[in-house]
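According to TrEMBL, the protein has these features:
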SIGNAL    1-18  signal peptide
TRANSMEM  31-49  transmembrane segment
TRANSMEM  79-101  transmembrane segment
TRANSMEM  116-135  transmembrane segment
TRANSMEM  147-167  transmembrane segment
TRANSMEM  179-202  transmembrane segment
TRANSMEM  214-234  transmembrane segment
TRANSMEM  240-257  transmembrane segment
TRANSMEM  278-300  transmembrane segment
REGION    305-325  region 'Disordered'
TRANSMEM  343-363  transmembrane segment
TRANSMEM  384-408  transmembrane segment
Amino acid sequence: MWAASCLASCCAACACDACRTVVSGISRRSARIAYCTVFALSLIVAYILREVAAPLMEKMPWINYFHQTPDKEWFQTDAVLRVSLGNFLFFTILAVLMIGVKNQKDPRDSLHHGGWMMKIICWCLLVLLMFFLPNEIISLYEATSKFGAGLFLFVQVVLLLDFVHGWNDKWVGYNEQFWYTALFVVSLICYLATFSFSAVLFHWFTPSGQDCGLNTFFIVTTLMFAFIFAIVALHPAVNGSILPASVISLYCMYLCYNGLASEPRDYQCNGLHKHSQAVSTTSLTTGLLTTVLSVVYSAVRAGSSTTLLSPPSSPRAGGGRPLLPLDKAADEEEKEKAKPVTYSYTFFHIIFSLASMYSAMLLTGWSASVGESGKLIDVGWSSVWVRIVTGWATAALYLWSLVAPVLFPDREF
């Protein structure tokens with residue numbers, strides 16, 4: 001007994017030392033990766049509790065105060081939303097604390113990049129505390145999450161447009177025949193992939209002998225967007241490029257596929273999953289992995305996008321520093337000044353807050369309602385329309401980015 005106690009103490013001490021080593025090894029450069037890791041951990045915790053926490057939650061009187069105990073799926077939904085709320089509060093608090101940070105001399109800069117042991121403890125306490133909140137608060141968060149998740153998708157679209165235009169400008173800026181050829185080749189590949197993808201969607205989601213007019217409408221509309229993008233981008237008045245048009249066309253077709261794949265399993269036009277009535281572990285894992293990658297992409301773009309994220313004093317936004325200092329004294333004085341931050345810490349954390357809401361909607365199918373007994377639906381018409389409307393919003397934003405400079409030549413876009 002004594003030996004087992006000593007062994008347990010040694011294991012605990014080693015675990016604590018390992019945690020301290022990992023936490024102390026998080027540098028300024030790897031802080032963003034650490035935040036992405038925390039978010040990924042929240043998804044794993046939510047998924048695990050979704051599967052195992054229902055029996056325990058049924059015994060909590062402040063959660064299960066109904067005259068008739070709800071189905072198991074209700075408690076699964078509730079567990080996911082409570083973990084998501086804790087994660088949302090964690091990143092929202094950090095976002096509020098980071099408002100106004102403009103240079104690295106600000107003490108809050110160290111808070112953003114350091115203090116990881118304290119952050120992990122706070123995150124765990126927040127998630128645990130959520131399981132002691134009344135159902136009314138969770139119900140309010142569930143309703144709010146639908147809007148927050150939609151806003152997260154919108155931010156991703158804006159970042160994608162910024163990335164594609166930046167990619168095109170960089171290659172065109174080389175002003176060499178090789179890069180112009182590369183632009184044409186990549187654009188051609190994207191368009192071939194778009195049209196090939198649409199043919200696959202017609203095969204999967206418009207089976208013969210079935211009335212699948214809605215699916216046909218979704219696919220044909222997306223194809224029309226691809227043609228409209230090319231026509232508008234190549235119009236002499238717009239002076240656009242075919243590369244962004246091809247990439248956005250492929251992305252819209254991908255969103256169309258996501259929407260059609262989210263149709264109910266028993267829907268006659270869903271040929272992809274017509275023989276499967278439940279979401280497989282592989283499908284759900286793929287969805288979670290896609291969410292993590294989407295958030296990582298958004299977070300990384302937070303350090304490079306000049307459209308939304310870089311504060312006016314950051315190096316990417318100009319900074320006003322002279323190219324050639326007048327003398328060494330002035331140069332030394334400039335070095336002593338605090339370096340400006342390279343991205344908005346507040347917006348960085350807001351991305352994770354919105355992503356927390358989006359992940360909750362992913363795990364609950366966008367349609368679960370806390371306070372009512374009902375089965376957890378991982379797919380459904382809410383998921384379909386969210387993804388389809390996101391594709392339409394992407395098309396509208398891209399077309400606006402092309403025509404806005406022509407309609408308002410005196411304004412800077």
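Every residue, even glycine, has its Cβ placed from backbone N, Cα and C.
Remember, it's a predicted structure, so these values are computed and weren't measured experimentally.
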(message) Considering only Cβ pairs within less than 8 angstroms, which of the stretches 79-101, 147-167, 214-234, 240-257, 384-408 has the most against the transmembrane segment (116-135)?
(response) 79-101
(message) Which sequence-distant residues neighbour the transmembrane segment (384-408)? Criterion: at least 6 residues beyond either end, Cβ under 8 Å.
(response) 149-150, 153-154, 157-158, 160-161, 165, 218, 221-222, 225, 228-229, 232-233, 237-238, 240, 244-245, 248, 251-252, 255-256, 258-260, 262-263, 361, 366
(message) Out of 79-101, 179-202, 214-234, 240-257, what stretch is closest in contact terms to the transmembrane segment (147-167), meaning most Cβ pairs under 8 angstroms?
(response) 240-257
(request) With a Cβ cut-off under 8 Å, give me the same-chain residues at least six positions beyond the ends of the transmembrane segment (79-101) that come close to it. (result) 38-39, 42, 45-46, 49-50, 53-54, 57, 108-109, 111-112, 119, 122-123, 126-131, 133, 137-138, 141-142, 145, 148, 341, 345-350, 352-353, 356-357, 359-360, 363-364, 370
(request) Could you pull out which residues elsewhere in the chain have a CB under 8 Å from any CB of the transmembrane segment (179-202), counting only those six or more residues past its ends? (result) 168, 171-172, 215-216, 219, 222-223, 226, 230, 241-243, 245-247, 249-250, 253-254, 256-257, 260
(message) If we skip the immediate neighbours and take only residues 6+ beyond the ends of the transmembrane segment (240-257), which ones have a Cβ under 8 Å from one of its Cβ atoms?
(response) 160-161, 164-165, 167-168, 171-172, 183-184, 186-188, 190-191, 193-194, 197-198, 201, 218-219, 222-223, 225-226, 229-230, 232-234, 387-388, 390-391, 394-395, 398, 402
